[in-house]
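Over in TrEMBL, the protein carries these features:
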DOMAIN    19-149  domain 'CMP/dCMP-type deaminase'
BINDING   Asn60, Val61, Glu62, Asn63, Ala64, Ala65, Tyr66  substrate binding site
BINDING   Cys71, Cys108, Cys111  Zn(2+) binding site
ACT_SITE  Glu73  active site, proton donor
Amino acid sequence: MTDSRHTPPAMAAAAPLSDDDRALVEAALAVRARAYAPYSHFHVGAAARDEHGRVHLGCNVENAAYGECVCAEANAIGALVVAGGRRLAAIAVAGGPADGAPVACPPCGGCRQRIAELGGPDTRVLMVRAEGDVEVTDPDRLLPGAFRL
């Protein structure tokens, strides 16, 4: 018998994408090439769409002091805020080996919290999977019980 407290929440299945979502995924895939990942060689790209439809890009930036590394999602969300955005409408994430195809790369816990804070129940989280299709979910499924003030 499985203990439900240790069962991860169900994510949404792969779904057809709108033209806007497809463009967001393509932007995340493209910006992976700009990652600074000399230690892990794992390149991640993220593209965040704000409430005005503007797209903001981010990639992971590693550091020899691993705790100082910054995730692609955090950089994309930071760029959204710097540009005056206040709401995350959608975010696409694509990651994988520097010289390889994307693999499933869900956001870390800290980035899930960032997505939950700037997003809402209708925010789309698009994650490129190893098979090349895209898993679509929302902040509540990604981080049930997100911290709120």
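Glycine residues also receive a Cβ, built from the backbone N, Cα and C atoms like all the rest.
Same-chain residues with CB within 8 A of the center of the Cys71, Cys108, Cys111 CB atoms, the Zn(2+) site residues themselves not counted, are Ala72, Glu73, Ala74, Pro107, Gly109, Gly110, Arg112, Arg114. Here the binding-site residues are Asn60, Asn63, and the one whose Cβ sees the fewest other Cβ atoms within 10 Å is Asn63. In the set Glu73, Cys108, Cys111, none of the recorded positions has a C-alpha within 10 Å of the C-alpha of Tyr66 (substrate binding site). Cβ contacts within 10 Å of Cys71 (Zn(2+) binding site), excluding its own Cβ and spanning all protein chains shown: 21. Assigned with DSSP, the residues of the domain 'CMP/dCMP-type deaminase' (19-149) fall into helix, strand and coil as follows: 44 helix, 37 strand, 50 coil.
Recorded residues Ala65 (substrate binding site) and Cys71 (Zn(2+) binding site) have their alpha carbons 14 Å apart, per Cα-Cα distance. Note: Ala64 (substrate binding site) has non-local neighbours Tyr39, i.e. same-chain residues 6+ apart with C-beta under 8 A of its own C-beta. Cβ crowding, taken as the number of other Cβ atoms within 10 Å, peaks at Cys111 among the binding-site residues Val61, Cys108, Cys111. Within 10 Å of Cys111 (Zn(2+) binding site), as judged by C-alpha distances, the recorded positions found are Glu73; the full candidate list was Asn60, Val61, Glu62, Asn63, Glu73. Taking Cβ-Cβ distances under 8 Å and a sequence gap of 6 or more within the same chain, the neighbours of Glu62 (substrate binding site) are Tyr36, Ala37, Pro38, Tyr39, Ser40, Cys69.
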